[in-house]
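Worksheet: the structure to be examined is printed underneath.
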Amino acid sequence: MAVWCGIPGLIITLLWLLGENTVLQSLVMSSFPDLPTDDTRQDAIQTIMSQVRTLANGGALYGEVTLSIKNAVSHYAHLKTISFMALGVVLLSAMTLALRHARGKISKSFRARNEVERVVSVVLVICSAISIVTTVGIVLSLLFEAMRFFGKIPLLDFLFGLQWSPQTALRADQVGGSGSFGAIPLFVGTGMITLIAMMIAAPVGLLAAIYMSEYASPKMRAISKPLLEVLAGVPTVVYGFFAALTVAPLVSQWGNAVIGALNAIGLNIEYTVASESALAAGAVMGIMVIPLVSSLSDDVINAVPQALREGSYGLGATQAETIKQVILPAALPGIVGAMLLAMSRAIGETMIVVMAAGLSAKMTANPLEAMTTVTVQIVTLLVGDQEFDSAKTLAAFALGLTLFIVTLGLNFIALRIVQKYREQYD
């Protein structure tokens, strides 16, 4: 009964909510006959509807509200009430018909369990199809816009160019340079900051997971595990402030102090550590992903069968030897997955890099220099006053597609590593 009544009601509600805004907007805008007919019509409609929704929800607007807007707000509120009541009537009618249909199917030969299983299977297939279609849609949208970019900028210049300076004309009536769209400095910065982060997060997180799963008392584990999970949910902007206000100045101060000490003993080093550096951003990013690595690795290590531990102890191995020779190899596929997830989190981080490493695209191996990453430049390219079909805007999609391919390659390498060790230890 619940399946026959609940699913139709859910479908009707979703369809109703999807189409409600369009219908209400059309009815409300019918009271504005003096709307422009050129390209600005859609912008005017969006502006009016934004004002109407704000006032209808109890908000306030700057300036005087016109009489037409007040009438539109009253009309909109009335239509929302009618829509809510109509939805209730439709749902009640549909569920009544569904209930009657379900009662009619009940008989001694009716296999309700088989019908429920069939409905659940269909729902699972639909959910899987939605995720697949969404992924395909994202890839196709990136590919389509990236092809438009490569029609303006050669592919080889983008992939192997050594200078990133996407400064082009903002509008058609302005004069601007053609820009340089070499992506190598961005991926060098992304790799440098991610490498620094993983050099901190991987050993610390893994050792913390080993301690919690193998050495810590149940009371200690009950306290530390929730704390790590809470730290994993701290917003990245908080880490960004920590990086900008504490870590970055500290790195600059210590670096300049070391250079001053070296100059005092006769070395003539003419270098100043800036307040923005890849080292500061990578260090804070590593601290950010430590809880992720630790929590996932702890779950994987605890999933290793206890029989493997007991067998190792029975052969005379110590606890350290058991961890090194038995537990870690058995848990390696899951640990690799945890590291890959942490690396993906580090690659996709934006706020920490903006606040601690800056926006300068430099191709250098010096972690004390200011650097930027692919994700930071994607955000930078999509904000500001420029046409959507300009090379500067379309470069964001090319960067996104390239980053997607790089991440896919990392996933493939990780899967190969997992398969290799599963064949050895299964």
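The backbone N, Cα and C atoms fix where each Cβ goes, glycine too.
Quick look at what TrEMBL annotates:
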- 81-99: transmembrane segment (TRANSMEM)
- 119-144: transmembrane segment (TRANSMEM)
- 186-210: transmembrane segment (TRANSMEM)
- 187-414: domain 'ABC transmembrane type-1' (DOMAIN)
- 230-251: transmembrane segment (TRANSMEM)
- 271-293: transmembrane segment (TRANSMEM)
- 326-347: transmembrane segment (TRANSMEM)
- 394-415: transmembrane segment (TRANSMEM)
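Scored on C-beta pairs under 8 angstroms, the neighbour of the transmembrane segment (186-210) with the top count among 119-144, 230-251, 271-293, 326-347, 394-415 is 271-293. Take the transmembrane segment (394-415) and the stretches 119-144, 271-293, 326-347: counting Cβ pairs under 8 Å, 326-347 has the most. Relative to the transmembrane segment (230-251), the listed stretch 271-293 leads the set 119-144, 271-293, 326-347 in CB pairs under 8 A. Remote same-chain partners of the transmembrane segment (326-347), defined as residues 6 or more beyond its termini with a Cβ less than 8 Å from a stretch Cβ, comprise 190, 193-194, 197-198, 201-202, 205-206, 214, 285-286, 288-289, 292-293, 296-297, 299-301, 303-304, 308-309, 311-312, 317, 373-375, 403, 407, 410-411, 414, 417-418, 421-422, 424-425.
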